Amino acid sequence: MSAFPLVALVGNPNAGKSALFNALTGARQKLGNYPGVTVERKAGRLSLSDGRPVELVDLPGTYSLDPTSPDEQVTRDVVLGKQSGERLPDALVVVIDASNLDNHLRFALELLSLGLPTVVALNMVDLASRDGLELDPAVLSRELGVPVVPTVAVRKRGLDDLRGQIETLLNPAPARAKALPGDFNAVRAEAKRIAKAAVVRETPSRRLTAAVDRIALHPVFGLFMLLGLLFIMFQAVYAWSEAPIAMIEGLAGTLSGAVTDALPDGLLRSFLVDGVINGVGSVVVFLPQILILFFFILMLEATGYMVRAAFLMDGLMARVGLSGRAFIPLLSSFACAVPGIMATRTIADSKDRLTTILIAPLMTCSARLPVYAVIIGAFIPARDVGLGVGLQGLVLFCLYVAGIVGAMLVALVLRMTVTKGASGSFLMEMPKYQWPRPRDVLLGLWQRAVIFLKRAGTIIFASTVILWLMLSFPKAPENSAVSQVNYSVAGRIANGLNVVLEPIGFNRDISLALIPAMAAREVAVSALATVYSLDADEDEAKLERSLGDRLKDNWPLPTALAFLAWFVFAPQCISTIAVTKRETNGWRWPLFMVGYLFALAYAAAGLTYWTATAAGL
Amino acid sequence: MRLTDLPLRQPAYVDMIDWNALSATDGQRLREFGLIEGADVEALHHGGLLGRGPIACKIGRMTIAMRRAHAAAISVRIGDRDERA
Ligand SMILES: Nc1nc2c(ncn2[C@@H]2O[C@H](COP(=O)(O)OP(=O)(O)O)[C@@H](O)[C@H]2O)c(=O)[nH]1
Ligand SMILES: [Mg+2]
């Protein structure tokens, strides 16, 4: 591809490869895929002191050159020069965690035996010294026979030195392979010997982490802590978002007022006000809530708590035949199922992995938040149910729990039928706790905001516009008894679909909203906004009212509850279907997934509607 | 004694591992984590209610979590391996 020298970052998981990669390449990164496999290729540009550019790739972390997952396979093939779509690297940067030398050195020795020009980045020296471990890089360098540079990736310490060493490596020099001493145990013993030699001073390890873990991993307190954290997260989604949401709503109001004043009544004005501002605006309004959710998930990941949560949940996961590892992709599916499904690649067992992929869409993703939020806002009173707990947040929490319980039951059934196989396992390294750097968290939030707004500007915008077109044409004749919505193409389709959906309490407007919501779940909200906005055309006063108020006028409570229940299972989301097809290599599993989700959504909505109606709500 | 029976925070070392009781990948992962015959090990936490959850243990400066089924395949002896001789 490029003629620049290729340098690869390689090392154990969590050694800090990605942190170093980010620090060395800055914003100049390119994401891609290795051909034929679904492993992400992350490459960036690094400039040497003389300005020469170098291409740097961040390889997936692995513990050895015997791969146990597709990711690890790529790493091995790249360093052996056997990966299609990648050249043999001109040099390696082996990243090792200073506080975990024995282990990381073993893999480093394996890599050194390949004979590629290599520099070792002795990363996380800050954590090592916090932990009472002082190392001598010079001794390491002598023992390994390659340069060793102490670094702190997240504070950008040691980077100039590392860049200098890379530069030296790229100047033609005879590469020397360090012979590997015999079998696995011999390599391990050698790693241990070198690690011991490099230690200057050592005190017992991980005091802070051990102390926190006594509570965080406690079978009772730990579980309470986890539930408490999740509960606070859902309360915060409402409590913290009020002010920013009001701001965005105000802005949209001002905008549509300005457009209404500036343009004569007609198609263009209807398009801008009903289609664009009300439609897309009704989704953008949820940006604050989505960012709050992502904030919590990013924090859980960055502090090292996520693996603890997996540890606590493993008992439950085992009972439904899943790997405890599955908890991490599932928790990130709360944000979005697409990265969640991609994260299942770390699960070694294929049946385990397939089950996790199939239930990932049951985790309440952030695209469902707008739907939940608008319905809860309209139908559930903002009451305090005591102890400062809001009823709205409580209902939201229950919807999340419904998704989780549903997922566990589905997993149980799947593991006894279509994905039958050996029971899962759980073997994970538990990272040390640490404070996330505010900059990293802000960067993560910023990336999420951009992705969301891009979606709003593309998929959501397009589906809203198409829906607006289908709702606006053909034009109902003047003074006709049939309303514009019923007269339009979309209305006619929806009336047809409504035959199937009526028994579970859905009305025409819901049928209408569900079609474009196939593109993305949150489109259901913008679609409803457009429908009610068009319907209100005759009555200027109605136009002023929020979507929530309009829903309240038009829907009985059982219908609203059935709609919520539908969305707990709702299968519609093209991106999820596409990523499932890619990750399972074919149409079979995505079709199965869509089928079972539709069936469950229909049943859940029906049960909710009939129960609520019978209860006289 | 099996690793499942080892009292918490009691330093011990690995006496024997029944590799046949582990799948090939799980066995490999354990070795890569440094869990081999002779390694120092200390059980730190038992997870889950009713003692059915995974076990977190310290190997060197690293903490790893494993299920009880894996821990049961690992025999340990209390004490410091270097004092045996
Ligand atoms: N304190 C400290 N944390 C680091 C350092 N390098 C990486 N980290 C953190 O360690 C975690 C794992 O790093 P990451 O780059 O994702 O590791 P990778 O799996 O090798 O790509 C992240 O939370 C980083 O912020 C370091 O030098 N010092
Ligand atoms: Mg990484």
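These residue numbers are counts, starting from 1, taken along the chain as shown.
Glycine is no exception: its Cβ is also placed from the backbone N, Cα and C atoms.
Because the structure is a prediction, the values reported are computed rather than measured.
Some features that TrEMBL has for this protein:
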DOMAIN    A:4-172  domain 'FeoB-type G'
TRANSMEM  A:215-238  transmembrane segment
TRANSMEM  A:275-300  transmembrane segment
TRANSMEM  A:354-382  transmembrane segment
TRANSMEM  A:394-414  transmembrane segment
TRANSMEM  A:452-471  transmembrane segment
TRANSMEM  A:560-579  transmembrane segment
TRANSMEM  A:591-612  transmembrane segment
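Among the stretches A:452-471, A:560-579, A:591-612, the one making the largest number of Cβ pairs under 8 Å with the transmembrane segment (A:275-300) is A:452-471. As a whole-number mean, the pLDDT of the domain 'FeoB-type G' (A:4-172) in this prediction is 88.
Counted over residue pairs separated by six or more positions, the transmembrane segment (A:560-579) shares fewer than 3 Cβ pairs under 8 angstroms with the transmembrane segment (A:452-471), which leaves the two as not touching. Long-range contacts of the transmembrane segment (A:452-471) within its own chain (CB-CB distance under 8 A, at least 6 residues past either end) are made by residues 270-271, 274-276, 279-280, 283-284, 287, 290, 366, 484-485, 488-491, 493, 512, 515-517, 519-520, 522-523, 526-527, 530-531, 534. Residues 237, 282-283, 285-286, 289-290, 293-294, 321-323, 326, 329-331, 333-337, 340-341, 344, 347, 390-392, 395-396, 399-400, 403-404, 406-407, 410-411, 414-415, 419, 452, 520-522, 524-525, 528, 547-549, 551-552, 555, 557, 560-561, 563-564, 567-571, 573, 576, 580, 583-584, 589, 592-593, 596-597 of the same chain lie 6 or more positions beyond the ends of the transmembrane segment (A:354-382) yet place their CB under 8 Å from a CB of it.
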